[in-house]
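For reference, the structure discussed in these notes is given below.
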Amino acid sequence: MTRRRSKVETVAEAPARQDVDVLMEQLGTTIDPDLLVLALTHRSFAHEAGGIPTNERLEFLGDSVLGIVVTEFLYRHHPGVPEGDLARMRAATVSQRALAQVARELGLGGFILLGRGELVTGGREKDSILSDTVEALIGATYLCHGLEPTRAVVEHLVGHLLTQAQRLGAGLDWKTSLQELAAERGLGSPAYIVSGTGPDHARTFAAVVELGGKEAGAGVGSSKKLAEQNAAEDAYARLDAERAAEAAHDAVVADAVADATGANGSTRA
């Protein structure tokens, strides 16, 4: 008699052959096996499997839980920040791109159950699928453990985003952030040059961003949008470092002037 495979075994046999226990360790929690499989089941897989349930309801729940946890965190940790800025910071933390990056850090793409159509078009790297799956896992965690343990999981997953949200453009949009910083420094608007290589089902894109006709940053990605965002992030980091260096230099000069002024005053006295 052939033993029927469990749902957890089905997940473990996803293409990446990754260990579900490692995923749970990275999340900092445990999830009921049936809920875990549901959280990882994309609608494309469900359709090809005869209409089994998808992770969309868990995604709906997880989106709400994520929102309340992030909103409360920002409210408590930024008491002097007005509502509009808090809303921008929240958008930066829970954006599709931000959550997709969290998913990549977890190696989540290899666990997601996808239909053949999504697999051949690079579904494991699509921001929309990755971010939705993160929300579904948050929803599953909430159903298993309630709000407080889920709060700890959310803060563990997006804590680094919360710390940088205040200085970034809405939705962790590096292009917006770069445009704002470039304008602040009088460098004009960024211009992007993108090229693609590889077959249609596995294209890789390279982007260069220019400021004032000079290369300011570069990046690669599985889509034009992602490549541009990565190039913008590179350029932003360079400009931000220049700004910090200039500020440090100005502070040294100001201290030297103050010391010289004080010394002259003492001599006259």
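Backbone N, Cα and C define each Cβ position, glycine as well.
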Which of Glu59, Glu72, Glu210 shares the Mg(2+) site with Asp132, Glu135 in TrEMBL? The record says Glu59
Do me a favour and check the Cα-Cα span between Asp132 (Mg(2+) binding site) and Asp63 (active site); whole Å is fine.
9
Given the recorded positions Asp63, Asp132, Glu135, which one has the fewest other C-beta atoms within 10 angstroms of its C-beta?
Asp63
Would you mind splitting the domain 'RNase III' (20-146) into helix, strand and coil residue counts from DSSP?
97 helix, 2 strand, 28 coil
Just jot down the residues in the same chain as Glu59 (Mg(2+) binding site), at least 6 apart in sequence, with C-beta under 8 A of its C-beta; none if empty.
Asp132, Thr133, Glu135, Ala136, Gly139
